[in-house]
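Heads up: the structure comes next, in structure tokens.
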Amino acid sequence: MDTKARNCLLQHREALERDVKTSYIMDHMISDGVLTVSEEEKVKNEPTQRQRAAMLIKTILEKDNYSYISFYNALLHEGYKDLAYLLHGGIPVLSSSNGKDSGGITSYVRTVLCEGGVPQRPVVFVTRKKLVKAIQQKLFKLSGEPGWVTIYGMAGCGKSVLAAEAVRDHSFLEAFFPGGVHWVSVGKQDKSGLLMKLQNLCTRLDQDENFSQRLPLNIEEAKDRLRILMLRKHPRSLLILDDVWDPWVLKAFDNQCQILLTTRDKSVTDSVMGPKYVVPVESGLEKEKGLEILSLFVNMKKADLPEQAHSIIKECKGSPLVVSLIGALLRDFPNRWEYYLRQLQNKQFKKIRKSSSYDYEALDEAMSISVEMLREDIKDYYTDLSILQKDIKVPTKVLCILWDMETEEVEDILQEFVNKSLLFCDRNGKSFLYYLHDLQVDFLTQKNHSQLQDLHKKLIAQFQRHFRLHCLSPDQEDCMYWYNFLAYHMASAKMHKELCGLMFSLDWIKAKTELVGPAHLIHEFVEYRHMLDEKDGTVCENFQEFLSLNGHLLGRQPFPNIVQLGLCELETSEVYQQAKLKAKQEVDNGMLYVEWINKENIKNLSRLVVRPHTDAVYHACFSEDGQRIASCGADKNLQVFKAETGEKLLEIKAHEDEVLCCAFSADDRFIATCSVDKKVKIWNSTSGELVHTYDEHSEQVNCCHFTNNSNHLLLATGSDDCFLKLWALNQKECRNTMFGHTNSVNHCRFSPDDKLLASCSADGTLKLWDVKSANERKSINVKQFFLNSEEPQEDMEVIVKCCSWSADGARIMVAAKNKVFLFDIHTSGLLAEIHTGHHSTVQYCDFSPHNHLAVVALPQYCVELINGNTGQIDYLTEAQVSCCCLSPHLQYLAFGGEDGAIQILEFLNNRIFQSRIGHKNTVRHIRFTADAKTLISSSDDSAIQVWNWQSEEYVFLQAHQETVKDFRLLKNSRLLSWSFDGTVKVWNIITGRIEKDFVCHRDTVLSCDISPDATKYSSTSADKTAKIWSFELLSPLHELRGHKGCVRCSAFSVDSTLLATGDDNGEIRIWNVSNGELLHLFAPISVEEGAATHGGWVTDLCFSPDSKMLVSAGGYLKWWNVVTGESSQTFYTNGTNLKKIHVSPDFKTYVTVDNLGILYILKILE
């Protein structure tokens, strides 16, 4: 006995022993010849029923598979259906000794199916075991009693093949239908046709003519004849009715039989009595099954199929009929892959024909026949569905609006389509969503091509009758459909005026982006641009650019004020003009808006800004065709989005840890990723399917790069394990491992001809490897070029960060520390050395593929362009000035440098005065006294320099133990300074003496502010506290606790009654100065990923003169209502990290600079 059968018996032994009465069971088994009389006696001699059952099971366990099947059938016959069901899963397949042929089918099965007229397997056949099992389980539930099992699905989904396959099973037939199987191909029939089918069936069932020698003359007589034949001559047999269209046909077979039927209309069994079970068949095969069919037709391995094979499966959504039709055609014309794919894409269904095993000559005929069978009064409604898009599920409410009907009426009509497999339905909570199969969409659009424009117009007209745009509410079930597809329907209806009115509306853009983000809108502007005239085309470009550059803001929560964003556009833009109009209307109602006064001077170099990740982005790259961008980062995800619109194409949880690098293959088919989890993965760039996982590196994998030639695709990876590895995508294991580096491999790049691989390492070397042999060709010690450093060579760490090949492959550029080197590949000679600055570390370098320019990225948010031939820096955005200030009467400009130098420029005659002493380190802060005769400066050292620049006298304020953070001038030649040492000191700048020394905090003092009445000052610290001090006392008046991050800034109100403090979590608190009580906490955390509302640190604060408003700087600018604690407005800068906000006395003008160096002059709109 098979192990599976034995285990099944043992598993359910207790239940069988408890319930089975053995006497009648053994009668059946003796008649089957599997149990002897002596064995029966042995069982009967046991004293109790349970012991007799136990002995019988013990006897069966010692026998073969036939005994198991006989016992199973006996249980069924004697009414132990529940017990038989327990044993069904263990029914063994009889061995080849029973006459199996090469296909695994026994001679018994072959005979039964042949006599019953069951069609043979198609020439090309793939198994669908899950569906076959489902059909068998439903047939089992009939338990030998009359009933109906319905297999239903759309045209060409493989229903007939599945029905035949369900009975192509020896043990199943023998156990459940020993009387045989009888197949009738029904199809579309009138009464005379049906009578002929019945007559043929009766003749087949009564071949010895025991019951009658003449044929039945009408359907009723045929029905009676069939009932008698099935009951008396063919008990326990199965009748299969294939391709049933009409309910009335089934009444002729409603005669106490077990019936399996296939149909496109699952409601056909509503007209008959008895138990009914349904097996729905999905409309498409899985991709691998579809490819298997094609490979069998054309006699190729799946892996060798051309790319068009994948596209064909995708285009027809795996329809078994279409795949088989095309496979049969390709067998005769193996070079027509592209041709048949094009026919599918162009909806040329009449040209996809020829199938010996299908009733319809071409695909369009198979689909149109279903439509023709609809009732006349609902055919037009099905035509209306021609406007639906592929893969889009439509709420019932949309069709209620289209047809101006109640929900129940619409659902009744749609259910008719669903029943006939002309439409599919998903339940979404309490509502229904309806959709068409791709082939049905293609068929309808082709058939009703001339009506499509009018059908779209009809939908728009009905929408306009039911809605005004402001009436669309997110809680309406059809809301998302209209936001996503209203523009599509208007464009398809060629309603240009309405389309422009919709798309060029800030109200529409606000409503839609709040729900679905900006990418879909950008896509629509790109998609419908060609339909617009020149004037509208310019407006279209205005809105598209607005969305592209603000997309990263429009996708966040809380949602930004779109009118304020619009005010940042150029004044010639339609977006600005609409925003200005709306802003003026809202200002009258108390809303606050600010205008960017100097925006005309700023040329924005960005074309698109997206925010795909929720954490740091480590790498991003273009596809070879420039259409897509892949990015990866600390959130462990790989993202792929459209380069033009930012529309997300793929989001994959790629690794178990941070993803450090990603790369497109040369043919754009694949994306490689590598991670801290030590794995390298290859993904299908279109579907996101995982193709390979490589895990041979023993440490984190830092870089990956494909060869430039797609004909010989290789992937190189570099890791902290010091190794480089080469991978061939058709192999499961590493092709070559390259040994030689003694520290982490940070970067690798193939030469343009793919013959060499360059690698950069933390061991201070650049190595060139022969790709074919994996041998080291050259090694260049980059570390030697830093030998003039003050550090000893053995202590010096030189990390070679990255490299890039020139277009001709003759030179290679290498970045390490603060230098970029250019080497000759053939001689290893140094061609050029570029020094980027003492404090700069080169982050990345890359050659242009089209000219001799190279680009170098530096950490100070700047980029250098370098001539790759000469090494000359052509363009440098880095400035050497570290700080500057103007004198009170605007006569002088003072500036400090990174080298510690201090200079003063006199505007009147352009004279420059230079401090003889200066600072040893970068100058951080610089200020004139009120009379402009003295300049005070601080640097990264612990001293403050007081320079009377006209008399060349110097005073040094030296007492702080660590770097001075900043200082403020007080009255009467006094100065307040604070430091990383946690102290605040008051100095006399004439004598250089300390007058007050406050030990304020255990950690760095980050800021101080002096109250307008000059009696108090505040201090904030990295210890997460703020304090209010009196100049007269050495202990604080109040210690302000509650911040959860470093408290970075503070500001007194003009009347000195309030103090605002801001921290590194974006939290702002308002305190009562007199008693230290917390008055307001300004919304610290937003709902999105716990991100700070202020985009990071709060770096500066300023109250309005009436103390009712507060402006704060950080990741952007925010205005707050101090009374209510609510945000009044947000201004988003191009960059981030705003360190300071300068406010005019009337609180109407604001000046700040972002980390990109962009100056913003803002004015309150009145």
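In case you wondered, yes, glycine gets a Cβ from its N, Cα and C as well.
Here's what TrEMBL has on this protein:
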- 1-90: domain 'CARD' (DOMAIN)
- 610-651: repeat 'WD' (REPEAT)
- 652-693: repeat 'WD' (REPEAT)
- 694-737: repeat 'WD' (REPEAT)
- 738-779: repeat 'WD' (REPEAT)
- 916-957: repeat 'WD' (REPEAT)
- 957-997: repeat 'WD' (REPEAT)
- 998-1032: repeat 'WD' (REPEAT)
- 1040-1081: repeat 'WD' (REPEAT)
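With a cut-off of 8 Å between Cβ atoms, the residues of this chain six or more beyond the repeat 'WD' (916-957) that come close are 839, 882-889, 891-892, 894-902, 904, 963-964, 966-967, 969, 975, 977, 979, 981, 985, 987, 989-992. Within its own chain, the repeat 'WD' (998-1032) has Cβ neighbours under 8 Å at 965-966, 968, 970-971, 976, 978-986, 1038-1041, 1043-1052, 1054-1056, 1059, 1061, 1063, 1071, 1073, 1076, counting only residues six or more beyond its boundaries. Long-range neighbours of the repeat 'WD' (652-693) within the same chain, counting only residues 6 or more positions beyond its ends whose Cβ lies under 8 Å from a Cβ of the stretch, are 618-625, 628, 630-634, 636-640, 699-710, 713, 715, 717, 719, 725, 727, 729, 732. With a threshold of 8 Å between CB atoms, the same-chain residues lying at least 6 positions outside the repeat 'WD' (610-651) that come near it are 518-520, 522-523, 526, 548, 551-552, 555-556, 657-664, 666-668, 671, 673, 675, 683, 685, 688, 1089. Secondary structure of the domain 'CARD' (1-90), assigned with DSSP and counted as helix (H, G, I), strand (E, B) and coil, comes to 68 helix, 0 strand, 22 coil.
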